[in-house]
Amino acid sequence: MATRPGPLTEWPWQRLGNFKYLVMGPVVVDGARRVVARGWGDIDLAFALILPSLLLRMAHNQIWISAARYQTARSKHRIVDRGIEFEQVDRERGWDDQIILNGLLFYAGYLAIPSARHLPAWRTDGAAVMALLHAGPVEFLYYWFHRALHHHFLYSRYHSHHHSSIVTEPITSVIHPFAEHMVYYVLFAIPMLSTVYIGNASVLGIVVYIAYIDFMNNMGHCNFELVPKWMFQVFPPLKYLMYTPSFHSLHHTQFRTNYSLFMPFYDYIYNTMDKSSDQLYESSLRGTEETPDLVHLTHMTDLQSAYHLRIGFASIASRPSDSSMWYMWVLWPVAWLSMVLAWVYGSSTFVVERIKLGKLKMQTWAVPRYNFQYGLSWERESINDLIEKAILDADARGVKVLSLGLLNQAKQLNGGGELFRQKYPKLTVRLVDGSGLATAVVLKSIPHDAKQVFLHAGPSKIACATAFALCERGVQVIMNPKKEYDMLKSQIADSKASYLKHSSNHTPQIWLVDNIDDKEQKMAPQGAIFVPISQFPIKKIRKDCTYLSTPAMKIPETMQNIHACENWLPRRVMSAWRIGGILHALEGWTMHECGDAMMHTEKAWSAAIRHGFIPLTKA
């Protein structure tokens, strides 16, 4: 919101939440009535394109969002090198409000203006008139209205909402209070309504004009420079007719310069051109190569995770992953398409985020594969090839630490990363699975006064380390499967072996689990505490039991550019395995923590606390 919200700040359908699209109901009903009465052949093109054009605009904007987030994570051409936080994502969640408004206004105009009906598909003279009217009245009036918005009275009541975003994203361009948007639509209506009344308007002319506005708006706020220098060299006057992302970014950082809409010549005329515009353009285009200190290697999880990535749908990524939401199922064709494309064309990892903690620079790379593919025996070799390629790429670039996330560290896949360490003994990048800190988090989640725990887990690295540590502490560890019990029994010291017990009917209150089905959960006593020891959460079916989070910690406030949730974890919470890699980079530890090697749990825990990571639960 603006610092002092004025009248008509709130959008009329703001309180409807995700049901705001219902306001387009009259358009849909009217369209259905026309089809039933006249058939598809008699539907006016201008009316028929109202809804499809809105969907195309949403797709156009989403492409810009994903491209900008991908480029600002990996590209050297970033303009403003600062982070985006959850507050900005929440503020910009309603970027589609103006598209809904656009649809309603077009529908109202179609009904109210007889000459707006039965327009031809295209008229070149009408498009030329629209271009001239935009360059003249629209750009001129916008310039002075924009300057007025920066007067304290209007700025505090309206325009400060837009300028709350110092680091812009494409959708920042349309984040304005309702009243401000209405003025913009009056301005943009000048070319469209003029051609309608003149008689040379066309359906595609109007659609193309709106697409031009969207394109320029998105480009100007994308925060990476993409306009090539040769365009201005071939046609020098273009610098007065088209702005660049770096030109408009100065308006968001300096506030009192570069007021123009898309054509900077009014800033030249009225001497409001920022003197550093050309210099920033040159430096942003040239860019600066950056090598991350740490790379976290993750992968897709379920099909819906494609749009939970921060380069996917921004508002979805800013919340914990939840495939039960109704709109997640509406988007299932997108999920399937992305999976097929990733499977067929995904020949390397891709960058999904870039974060900072002090001087430590981090990137997250994703393997373009999903959970179910990791379980296919014929896919293991190709997945390992992708992981190996990422490791060698990181090593060649001088990355210090590469942490293996989720199933990329699976023992049955590559021995928890040991396969690559053995294959490339001269690796300078350190491979880390974060098991030391993950074990520490599990141990700290168990109450200090606990005397017994039930270990319901396979022979994983975390399960073994946790069992050994509990036995050392004098806590009795009860297991049911005889095979896993015998394996652990053979590895534990004789002096502590008595604390490991096999039992099929004794079930303590504290359950350490990695994978458990509904039937097994029902065997737990009332009031049981389920402590996950794997990276994947437990399905919650018991209301009389307590479910703890998967091993994770809250991140320090100084960690920047965090505006997406890590899978199912809450905001600003990170898995212990991933934090383990961060600690290796921060502390400069030189060991590989993969395969059977594990960082001492107390050493990892102390380092995490020292660097500002906070436990989720207190034992």
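Placement of Cβ uses the backbone N, Cα and C atoms for every residue, glycine included.
Those TrEMBL annotations? Automatic predictions, nothing curated.
Pulled from TrEMBL, these are the features on record:
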DOMAIN    136-272  domain 'Fatty acid hydroxylase'
DOMAIN    453-615  domain 'Very-long-chain aldehyde decarbonylase CER1-like C-terminal'
TRANSMEM  182-212  transmembrane segment
TRANSMEM  326-346  transmembrane segment
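Long-range contacts of the transmembrane segment (182-212) within the same chain, counting only residues at least 6 positions beyond its ends with a Cβ under 8 Å from a Cβ of the stretch, are 8, 45-46, 49, 53, 56-57, 60, 101-102, 105, 109, 113, 115-116, 119-123, 125-127, 129-131, 133-134, 137-138, 141-142, 145, 176. Per-residue confidence over the domain 'Very-long-chain aldehyde decarbonylase CER1-like C-terminal' (453-615) averages out at a pLDDT of 92. Across the domain 'Fatty acid hydroxylase' (136-272), DSSP helix (H, G, I), strand (E, B) and coil residues number 95 helix, 1 strand, 41 coil.
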